[in-house]
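As structure tokens, the structure follows; a few thoughts come after it.
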């Protein structure tokens, strides 16, 4: 006799319930355990609580807070631990008109946040994490706060990822992965005798190698989801780069890239039109408008005296450029010095230096990963920890945090200088060694940055001979009095068109009104080009938080052959920053989850301790960009007095950056390139997000309910996974890329920034 269909379904459900959650990628869910105590809020204080306790058999254990509104009750007739609440006492309390709120208490799982050292056999070799090096990257300090990258998705754009690797498989995320070399969903690397396609797997392990599994080492964000994009193992075009950088922008939080143009000391090259558009769309629309985080290795051309300001990827304002240092704090032989580098993590130098431990091809491990290729993924993992601590950080917030969490420490260089706001900065190291503990601490208390402003100053538009040494000075108001006026700088660009008889002999510098001198490009002896720079954009981060008003000085100096000649045709100074004085901002706490005093069954906050706004699981001092604060009335049940109104953060309309309400006419500021209509209160411009509803990646594999996730996943397989589960590449861009793919493009060869 065949079992009835219902019985089959029940067996299936039971079987799924017995499957180990880790085996199918689900987070374990613990049922609440109810205890024999209650918290109650009454309107008439201790006298009413005593009457209530006598009537229903409770013991009054006294007030919870000194003001006498909340009380702790216990009932001796209720079992100490139960999987179900006591419905009888619940009904008694609910019917009592003097009880404003009550909650039967449940056991809370808490652990002491001492430093838990991973048991992975090669963790002892991870000197940059295990406190063997001093200073290390303070990874243990971040872990001791309970942070591990949970809920954060990182994708490594490289030559593929060994998705079945013993140290990666459990964290592998297929939605954050794709093969753009062969156009299929499988990013598995192509195996060769020389193991040339090991790069992506090595970088992925640095970010999210599993912890405590008895294998290899551990990743910085060992509970983050990790994906890989195979895009370097074949002919690379502008289309492939743009598609890789646009993969799942509402699902992937961080893209890590350790590649770029050739580090040969003579190349000046950068992203094409489509890739620049992908960067722009990523920071304006990615992560729900908070902005995708692009982490980039600064380059390995030090042996050829290369300069990463001649690399248009690492000197983009949209990427966070990471340099390298050795265990001893020395400049590695391959390191490039340039003004666009923001921060530094560890790698190695000479062959005898300890290197980086990570995953390797053929399910192996290696302790010989090096180059800036090794530094950028370490930074990506640390940034994943910061994003877990505060998921509402924008892409610019994160760059501000990295500036503040990077310190000179023991890093050795002759060019350390103090900029106009008192920070030390170097062309080799940016603002110094990134400290994960300081990064997450600062992230928790960070006040959202005001909208980005851009002020363009056309300084030179007529041909000017370049003498052996010339200075071009311009008194800049930083657009004072206009809607785009800037008080505190972030990125500064100098866009130059010039000719020169031997390009590599020309040193270009920029000095701010506050006296900070930044070398935009130093001499490059191997660059013998006579082409000069055609509309090339140099970028410096050395003026961060300075006031831009005053005289800016561009210096051009011949450092080589005496008879070199050239002409400067155009020079535009591009200032990016904010209207806020960042040096004067308060240091009070902004984000905290411990301030939540009441949660629902799903962990969402229902009440905060003190004047704060509720946003999901957090209590905020004020709402981040894309949200507005308001009060929401709470309907009281029959016989209950009205509960106080909740202070909450609600979503702005998609077209707004900041707002005073949820309507498209409630905007108070706009995303970059959009214009605010002051009278209408609306944003108009090309970057206004499309209002069409989109399927989100979160709707499938990371659904809050595992059963729902499985149903949606089965439907996705049946009906076409990418369509249902949120292959959320922006549709206009996807159509644009599809058309561009049919257009022949000149093949380009990019080299990984390490081995």
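Cβ atoms are placed via backbone N, Cα and C, with glycine included.
Note that this is a predicted model, so its numbers are computed, not measured.
Listed ranges 688-708, 709-729; the one Swiss-Prot annotates as transmembrane segment is 709-729.
Counting only same-chain residues six or more apart in sequence, the Cβ atoms lying under 8 angstroms from the Cβ of residue 629 (N-linked glycosylation site) belong to 613, 622, 623, 647, 648, 649. Taking H, G and I as helix, E and B as strand and the rest as coil, DSSP gives the domain 'P/Homo B' (449-581) the counts 3 helix, 72 strand, 58 coil. Between the alpha carbons (Cα) of residue 373 (active site, charge relay system) and residue 199 (active site, charge relay system) lies a span of roughly 8 Å. Secondary structure from DSSP puts residue 373 (active site, charge relay system) in a helix. When the neighbouring Cβ atoms lying within 10 Å are counted for each of the recorded positions (373, 475), the highest count belongs to 373. Of all Cβ atoms in the shown protein chains, 27 besides its own fall within 10 Å of the Cβ of residue 199 (active site, charge relay system). Neighbour density for residue 158 (active site, charge relay system): within 10 A of its CB lie 30 other CB atoms from the protein chains shown. Here the Cα atom of residue 475 (N-linked glycosylation site) is found 47 Å from that of residue 199 (active site, charge relay system).
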